[in-house]
Amino acid sequence: MTDLPDSTRWQLWIVAFGFFMQSLDTTIVNTALPSMAQSLGESPLHMHMVIVSYVLTVAVMLPASGWLADKVGVRNIFFTAIVLFTLGSLFCALSGTLNELLLARALQGVGGAMMVPVGRLTVMKIVPREQYMAAMTFVTLPGQVGPLLGPALGGLLVEYASWHWIFLINIPVGIIGAIATLMLMPNYTMQTRRFDLSGFLLLAVGMAVLTLALDGSKGTGLSPLAIAGLVAVGVVALVLYLLHARNNNRALFSLKLFRTRTFSLGLAGSFAGRIGSGMLPFMTPVFLQIGLGFSPFHAGLMMIPMVLGSMGMKRIVVQVVNRFGYRRVLVATTLGLSLVTMLFMTTALLGWYYVLPFVLFLQGMVNSTRFSSMNTLTLKDLPDNLASSGNSLLSMIMQLSMSIGVTIAGLLLGLFGSQHVSVDSGTTQTVFMYTWLSMAFIIALPAFIFARVPNDTHQNVAISRRKRSAQ
């Protein structure tokens, strides 16, 4: 990329900065949840909605981000994304109640939903085709550093300042990024087809109300009748979308995607698989602090081996899948992640804390292999005219399933625990033990889906071609 103009390199730095902000925010909050709960007068068992409100908003808004960028311009939308994300961070820091914090996190989610896909679109428009891969590697590298720094930085800020600072640090960075975007980024636009607003609203309503219903009386305090009403509304909305999308060439996501068997299996497996694995980044720092008494900073440091394992495995996942095939790799990693989850709880309850970093490193390796394999299996056989739509649907499902996973984890804690965590450490650890065993069971379930994947090892070279675009 050394032969690119200086203006283009600056634009790539702006996109990289956006990737870093978004990835940092997805991990920095987890370590601070117990401190937030204490400050806001809430039970730590109910703080999962701080994560869900952000991730669910990202899932809902993702389908509209690319169309908005083409219609209004990448600079205008990227600038708007940074401003909304920064304002959301400010409102998060100023929140005095859990409900205020949830609304502020949703505003952050609107910005986060536009930042990454619009950033990818910007790179496609400003970089020559032959240098696109190198440019994407450059801008996504900070996005890999974010999860590495997030948990430890969050713990450090909570322990030596307050949880408010995990949001306040975004403000000066966001202001600089917004100004740089206006000054340096070109406002590319493209001719767009008519946006499927009806389909977008039906999907948004379906996803939001079903997730809210899943949280149920334990989290939101809704009556059984209200929960039943939400379920009915959500199911009707999704059924109406299917009817709307049938034989509709302008649908948000064409039903023709599901004619490709590997896409259907991969999408179903990704949805179920990320429900289970989405619980782990939320539950691990909460358990380390509440169940084992770790400090926020110590709990944050314990998450680093998991990220390192994930980053290290990405270098060899292509060879692993090419050697053993998608079906074997996905079944093995799914069952392996379930076993590693139980191993983590066992070593923690036995007091073998020195073993935990190695277990978390192994968890990161297994999870990374499974993620990359799921992504590429889903997209590898799609025809070119459906590849973009399939990738967008996969991105939405990834965010939705993670929000559902965190919701289920919070629900399990509520079922096995009480309104407030007991001062008896033995009781608290029992609550987490039952929750962890339930999580291990849920994590193992997608193996039944992956067992139906065709044994097509000779086609697995596709992973090296599509891996980066799918992640």
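Using the three backbone atoms N, Cα and C, a Cβ is placed for every residue, glycine included.
Sequence annotations record features per position, and here Swiss-Prot assigns topological domain 'Periplasmic' to 1-11 (among others).
Long-range contacts of the topological domain 'Cytoplasmic' (33-48) within the same chain, counting only residues at least 6 positions beyond its ends with a Cβ under 8 Å from a Cβ of the stretch, are 95-98, 101, 158, 162-163, 219, 282, 285-286, 289-290, 296, 406-407, 409-410, 413-414, 417, 419-421. Sequence annotations record features per position, and here Swiss-Prot assigns topological domain 'Cytoplasmic' to 33-48 (among others).
The annotation transmembrane segment is assigned in Swiss-Prot to 49-69 (among others) on the grounds of sequence analysis. Proximity of distant same-chain residues to the transmembrane segment (49-69), defined by a Cβ-Cβ separation under 8 Å and at least 6 residues beyond the stretch ends, is recorded for 25-26, 29-30, 33, 36, 77-78, 98, 101-103, 105-106, 108-110, 112-114, 117-118, 121-122, 192, 195, 200, 203-204, 207-208, 211, 215, 219, 252-253, 282, 392, 395-397, 399-400, 402-403, 406-407, 410.
Per Swiss-Prot, the feature topological domain 'Periplasmic' maps to 70-76 (among others). Through the fold, the topological domain 'Periplasmic' (70-76) approaches residues 118, 121-122, 125, 181-182, 185-192, 195 of its own chain, all at least 6 residues removed from its boundaries and within a Cβ separation under 8 Å.
Per Swiss-Prot, the feature transmembrane segment maps to 77-97 (among others); the stated evidence is sequence analysis.
Counting residues of the topological domain 'Cytoplasmic' (98-101) by DSSP class, helix then strand then coil, yields 4 helix, 0 strand, 0 coil. Look at Swiss-Prot and you will find 98-101 (among others) tagged as topological domain 'Cytoplasmic'.
Per Swiss-Prot, the feature transmembrane segment maps to 102-124 (among others). If you look at the transmembrane segment (102-124), the same-chain residues 6 or more away from its ends with a CB under 8 A from one of its CBs are 11-12, 15, 18-19, 21-22, 25-26, 49-50, 53-62, 65-66, 68-70, 74, 77-78, 80-89, 91-92, 94-95, 132, 135-136, 139, 143, 185, 188, 392, 395.
The topological domain 'Periplasmic' annotation in Swiss-Prot covers 125-137 (among others).
The transmembrane segment annotation in Swiss-Prot covers 138-158 (among others) and rests on sequence analysis. Away from its own ends, the transmembrane segment (138-158) comes close to residues 1, 12, 15-17, 19-32, 35, 116, 119, 123, 165-166, 169, 285, 295-304, 307-308, 310-311, 468 of its chain (Cβ-Cβ under 8 Å, at least six residues beyond either end).
Nonlocal intrachain contacts for the topological domain 'Cytoplasmic' (159-164), taken as residues 6+ away from its ends with a CB within less than 8 angstroms of a stretch CB, comprise 32, 35-36, 39, 93, 295-297. Under the heading topological domain 'Cytoplasmic', Swiss-Prot lists 159-164 (among others).
Positions annotated as transmembrane segment by Swiss-Prot, on the basis of sequence analysis: 165-185 (among others). Outside the transmembrane segment (165-185), and at least 6 residues removed from its termini, the chain residues within Cβ reach (under 8 Å) are 7, 10-11, 14, 17-18, 21, 25, 28-29, 32, 74-75, 78-79, 82-83, 85-86, 89-90, 92-93, 122, 153-154, 157-158.
The topological domain 'Periplasmic' annotation in Swiss-Prot covers 186-196 (among others) and is backed by sequence analysis.
Annotation source Swiss-Prot lists transmembrane segment at 197-217 (among others).
The topological domain 'Cytoplasmic' annotation in Swiss-Prot covers 218-224 (among others) and rests on sequence analysis.
Long-range contacts of the transmembrane segment (225-245) within its own chain (CB-CB distance under 8 A, at least 6 residues past either end) are made by residues 198-199, 202-203, 205-210, 212-213, 216-217, 251-255. The annotation transmembrane segment is assigned in Swiss-Prot to 225-245 (among others).
The topological domain 'Periplasmic' annotation in Swiss-Prot covers 246-262 (among others) and rests on sequence analysis. Within its own chain, the topological domain 'Periplasmic' (246-262) has Cβ neighbours under 8 Å at 63, 193-194, 196, 199-200, 203, 377-378, 380-383, 386, 389-390, 392-393, 453-454, counting only residues six or more beyond its boundaries.
Among the stretches 263-283, 286-306, 342-362, 396-416, 431-451, the one making the largest number of Cβ pairs under 8 Å with the transmembrane segment (197-217) is 396-416.
The transmembrane segment (431-451) and the transmembrane segment (77-97) are not in contact, since fewer than 3 Cβ pairs between them lie under 8 Å (pairs 6 or more apart in sequence). Same-chain neighbours of the topological domain 'Cytoplasmic' (363-395): 62-63, 66, 117, 253-254, 256-257, 260-263, 265-267, 269-270, 273, 277, 280, 305-314, 317, 320-321, 326, 329-330, 333-334, 336-337, 340-341, 344, 453, 459, 462-463, 466-467, 469-471, counting only residues six or more beyond its ends whose CB sits under 8 Å from a CB of the stretch.
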